[in-house]
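Undergrad: Input: one structure, supplied below.
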Amino acid sequence: MADTWTDGILLKIVNILVYFLFLGSNIYTVASPSSIYYYGKETYITPAPWAFLIWSLIHLLLLGTIIYQFFPNGKRVIIDGISWRFPLLGVLNAIYVNLWASHHYIIAFVFALFVSSAVTHIYYVVKKYHASESYADELFVHLPFSLYHGWTTVLVVVTAFDAFGVNRLTHGAGVWTKVFVFLALFFLEGTAATYAFSTPEGDLPASIAIAWSLWAIFVHQTDSGFVHWTSLVFAILALIWVFKGAYGLVLGRGRIALSDEERAPLVG
């Protein structure tokens, strides 16, 4: 029996409601008078406010995900595969954003770990069990969750410094601050490299999310020369991994096209 749009309708409705809860929580942080992106705690790893524009792209792609769940292929991946993990992720993310916006940084860090764990589970399910079979799969399933996964890695690091780091506006960058900033930047760059080499094609969206953030950190961190120039070095390295991922993606598609040609009949 063919799938209909009403199959799994309860989860589809919950996905829609949670999506708008998730969207609303992020809109609130931007529209509120004390926008967290401009008036939050300034640490030595805080990125420029424009780094958070990546949320807009994630929301747009996930809107496509919500629509795609009503199609047979989308239902197979989103409803049957991801299942209730998506609503859980949306609720955890909304709680995290509101805690972060209200400056409850230690609790926000705990929820950042929960968000990272939830999106990692979805990322694993999508990559392991639901290979992309169409452009719709790529655009509305693989792309948003790859981007989301890379971005939450950044958020965990940024929130950790919010919770436990010094305020850049009132404290200078001491030795230990520089050590932890270096380790954090190294971790982010190393994660971008891991994404790039995770498969022959790499994971381009996740690498882009981290590279984007490292450049935003470089632009914003001008008080400490060490942090400023160190972040530049790691941003350049992350950009190299982005190009590696892009090259692998193009090469992979070329191999697919070549395989299609090789399978074509020689005559007829």
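Backbone N, Cα and C define each Cβ position, glycine as well.
Found this in TrEMBL, in case it helps:
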- 9-30: transmembrane segment (TRANSMEM)
- 50-70: transmembrane segment (TRANSMEM)
- 82-99: transmembrane segment (TRANSMEM)
- 105-126: transmembrane segment (TRANSMEM)
- 147-167: transmembrane segment (TRANSMEM)
- 179-197: transmembrane segment (TRANSMEM)
- 204-220: transmembrane segment (TRANSMEM)
- 226-243: transmembrane segment (TRANSMEM)
Undergrad: Do any residues, 6 or more residues outside the transmembrane segment (204-220), come within under 8 Å Cβ-to-Cβ of it, and if so which ones?
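TA: Same-chain contacts beyond the ends: 45-48, 50-51, 54, 142-143, 146-147, 149-151, 153-154, 185, 188-189, 191-192, 195-196, 227-228, 231-232, 234-235, 238-239, 241-242, 245-246, 249.
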Undergrad: What else in the chain is close to the transmembrane segment (147-167), if you only count residues 6 or more beyond its ends and a Cβ gap under 8 Å?
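TA: Same-chain contacts beyond the ends: 40-47, 51, 54-55, 57-58, 61, 96, 100, 105-106, 108-109, 112-113, 115-116, 119-120, 123, 174, 177, 180-181, 184, 187-188, 191-192, 195, 203, 205-210, 213.
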